[in-house]
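K.L.:
Features from TrEMBL:
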DOMAIN    11-98  domain 'Disease resistance N-terminal'
DOMAIN    174-358  domain 'NB-ARC'
DOMAIN    443-513  domain 'Disease resistance protein winged helix'
DOMAIN    583-769  domain 'Disease resistance R13L4/SHOC-2-like LRR'
């Protein structure tokens, strides 16, 4: 049964109605009594919603009643958002001092008299509808339940790659696969006509095929056996071109001599260019290639790919994971390895690991026995065992455990080996607000790599986040949600860099997200024949769109294009959407290709996020875009033909995040200073830009600054950035970070600094010393002119991570390295003489650094140091620029 998420929606709406801002606005516009009436009725309705959600699966009338409540709440949100828009518009006009704009405002439909009449009419209409629907609910005999008792229980955890010691019951499977990889296979280990050896691992979803492949892939014996290791996730779409790009990128990432920039250039290659690059990369190399989660049963496609990659040295192997026996037979050159379910004993151990703290199960023998009965229903599938165990973590209520064991969902008709009931039960244990947030993962394709910023922007734009602690940042609230979902085993491949993080969602968990969100969210592809009117969020994953396919209702709040290479090329289609979907919150037009943007964009007054990323044709933005006072995220990254930013963009007073690619040589400092909520600013491929700002006005709210591939940039003034915490400077050939720092801020707030490929930098700039009490991470890469590290570096009392990579002229460390008492992670690679001085036991610097917890010098990680650092850089930049 699809979710309605009504409880969470009503809580959010009641929170808005209770705020001082709305109370003042309602009095100003003469709608206080009606809004008070809506609040009172909604409070009564909310009391029975939890009981209604429990009964909706058995009662169609309750189900329809919940839909009506949801719809009227959404409409009420849109009306209240109109109040916000009007207030923001007034703030922007007041701040601008522009007389012409004030005159235009008076004669527009937004002047106070017209707006007051229209608002009163809309609010009265919402109140009448809500009163009627609430009265209709009385006939269902619903019980009042005021508190959602599905509490958040946070587990202490660390984030890392697959840890062999943390995987239960797969030791024997790992050894058998490794044995197969070490064997000589006469039917598939050679050149020419001989087929490359392909070993399939086959089993049902959630069984741990990917985990097993990771255990094998990361085993040290594989590093000795293969010169090159590559990992490619295939999932639903067996697109040869995309697979080639993934293989090349993975091969490049495995080689420490391949620069990060090279991985970004092949996206626009044609098949012939990709084939040539791939053959050059693999030729003569003994490699291991993992093709994870293959669904393709088209033999010609597989043959085409196999012929392209059959260029490695003797002994190269391909390891395939798939759910299909027929696919395994088609691809394999040796018999498939059929992965079985875990034994009951291992399932019990896995369940206890996730349901209890270590040793705690001994105190609750009654719960352990119930747990064994629950585990039996999980058919040996680790994902089901883990998610159910996680859902009961720190919950010692006997009734709750019995509820999970005896739930009717186990008795529903289901396919063989179906584990959706187990996942749904775990999902049902989550608080309403968390379930609502989780559902929006279904907007993105399977195997999509989520970044923290991507998730924050999505949830904030849709109003899903609530700060529990007064002025707590919404980013921090989002991190709490993410940590909770991770602790419940709904997320995987989690990579944590503190305030920057990255993760994926298991295919079966993605299926669950689609299942619970199917009434509200729809993925549009070539198989879509119609879009139901109740759908509010659309994700378009294929081209060849027809406007007739899209709903005529104005209810749509999200349109996004999450797949590389898929976008809009019709301005007429875009115009039609803008006219129709006036309540849009998110419009992500990444990878679109239109030259002009409609003036009508100003109609989308509710819009929170707009992305034109990688539109390589657009030259100008209309000035009307500056009327979007609700806009919080604007992404113009990769718009390489964009000539200038629109005049008046300083009116976007709600903007929190701005990513820019432009041909401008000079930026308007006044406009940027007017963006009073701007937190993150990114400049990329701004080839003509010589100076970011002249330094006359401060950007008082800016905390994150990214400057990448701005080849003419010479300097920028740090003294106008008093709150800067994160700085990335990458591939800026003319930049000298020591220039224009005559008046540096004595005490910087900087916590993270990354400098890469700035050839004019012979030493670290003096202003960094101002961050002695705050800097936690310092990453230095490809500074070929860097000759020394300053002695004041050792005054960085909070420095936890120091990475120095590819600085060949750097010969010495500061003499007082032992003073860096907080340093936990030191990496030095690509600095040959310095690496020799830091060699374990024998190096002259060894005694200074031996105490550091995570220490990586030269090739101590089998050549993976640069790969790991590049991966971190990619993830961090991706996170901050989303």
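Any Cβ shown, glycine's included, is placed from N, Cα and C.
A TrEMBL annotation is a machine prediction, not a hand-curated record.
Fair warning: this is a prediction, and the values are worked out from it, not measured in the lab.
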K.L.:
For the domain 'Disease resistance N-terminal' (11-98), DSSP counts of helix, strand and coil?
P.N.:
77 helix, 0 strand, 11 coil
K.L.:
With the domain 'Disease resistance R13L4/SHOC-2-like LRR' (583-769) as the reference, which stretch in 11-98, 174-358, 443-513 has the largest tally of C-beta pairs below 8 Å?
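P.N.:
Ranked by Cβ pairs under 8 Å, first place goes to 11-98.
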K.L.:
Please count the residues of the domain 'Disease resistance protein winged helix' (443-513) that DSSP assigns to helix (H, G, I), strand (E, B) and coil.
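P.N.:
Secondary-structure breakdown of the domain 'Disease resistance protein winged helix' (443-513): 32 helix, 11 strand, 28 coil.
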K.L.:
Averaged across the domain 'Disease resistance protein winged helix' (443-513), what pLDDT does the model get? Just tell me the whole number, please.
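P.N.:
In the predicted model, the domain 'Disease resistance protein winged helix' (443-513) has a mean pLDDT of 84.
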